Amino acid sequence: MNKIILALDEPLDYKILKDISSQVAGIKIGWPLILEQGLEGIKNILKNFDNNIIFDLKLADIDSTMIKITTHLKNLGDSFIVHAFVGYNESIRELKEFLDKENKKMYLVSSMSHKGWNDNFYPYIKEVIKMTNPYGLVAPATRPKILKTVKKDFPEKIIISPGIGAQGAKIGDALCNGANYEIIGRSIYNSKDPIGTILEFQKIQEERLNECKRAETR
Ligand code: BMP
């Protein structure tokens, strides 16, 4: 089972990264690693990964700024995570057109995993998602109710879900609640044996998925 997206917010040894690359469904790169390693460092890290490289810059700006930013990174990755709350016209619409032309995917943030996020805005975010028709969505493992709602509203979208381990959700829970992949960072890159941890998490994911499928059919 390959349903882990590694959130690489801190560097790992190159040898470990090479071994990890075949064990995960993707890698998420964001500001912490970009600022620490610089673009050249990121290029070297990404040599270990063939595909599903997700740039998580949580873009939230006007169209021309977001297009400039993604232009710098488009040759390095496959997808970009973008905030939906900025709205559609002169922002996400134009970025989506640009990314489509470049054959890149967009994930929109539907809800976040931390306590301070306010899901009262979800009806608005849902409208932006509908208009945009992105490739995928980010939805939190920490709040099963909204994750299930997002899945129900957008059953055909790929849902990637953070909040597992360090933020409190259990491995496999997001998969049971409708996510396609679980985004995991600290529990992997801070562990003494990242590859062993990934293999163990994959086993737990499989067991949890079987359990919840069985529960559904009861
Ligand atoms: P960790 O497993 O170490 O908590 O990492 C989670 C990753 O997912 C981090 O890169 C974080 O920025 C990201 N993330 C999140 O935690 N919550 C969200 O709602 C959206 C995210 O992208």
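Cβ atoms are placed via backbone N, Cα and C, with glycine included.
The average per-residue pLDDT of the prediction over the domain 'Orotidine 5'-phosphate decarboxylase' (3-201) is 97, rounded to a whole number. Among the features that TrEMBL reports, domain 'Orotidine 5'-phosphate decarboxylase' is placed at 3-201.
Around the Cβ of I62 (substrate binding site), a 10 Å sphere holds 12 further Cβ atoms from the protein chains shown. If you look up TrEMBL, you'll see D9, K28, 56-65, S113, 162-172, 185-186 marked as substrate binding site.
D56 (active site, for OMPdecase activity) counts 27 other C-beta atoms within 10 Å of its own C-beta, drawing on all protein chains shown. Marked as active site, for OMPdecase activity by TrEMBL: D56 (among others).
Secondary structure at K58 (substrate binding site), taken from DSSP and collapsed to helix, strand or coil, is strand. Summarising the annotation, TrEMBL assigns active site, for OMPdecase activity to K58 (among others).
K58 (substrate binding site) has a Cβ environment of 14 other Cβ atoms inside 10 Å. Per TrEMBL, active site, proton donor is recorded for K58.
Residues or ranges marked as active site, for OMPdecase activity by TrEMBL: D61 (among others).
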Binding-site residues close to ligand 1 - of D9, I62, S113, G185, only those whose C-beta is under 6 Å away: D9, S113, G185
Spatial neighbours of D9 (substrate binding site) that are distant in sequence (at least 6 apart) but have CB under 8 A: G30, P32, L33, G185, R186, Y189
Conformational class of S113 (substrate binding site) under the three-state DSSP mapping: coil
Cα-to-Cα gap, D61 (active site, for OMPdecase activity) vs S113 (substrate binding site), nearest whole Å: 21
Rounded inter-Cα distance in Å - I62 (substrate binding site), D56 (active site, for OMPdecase activity): 17
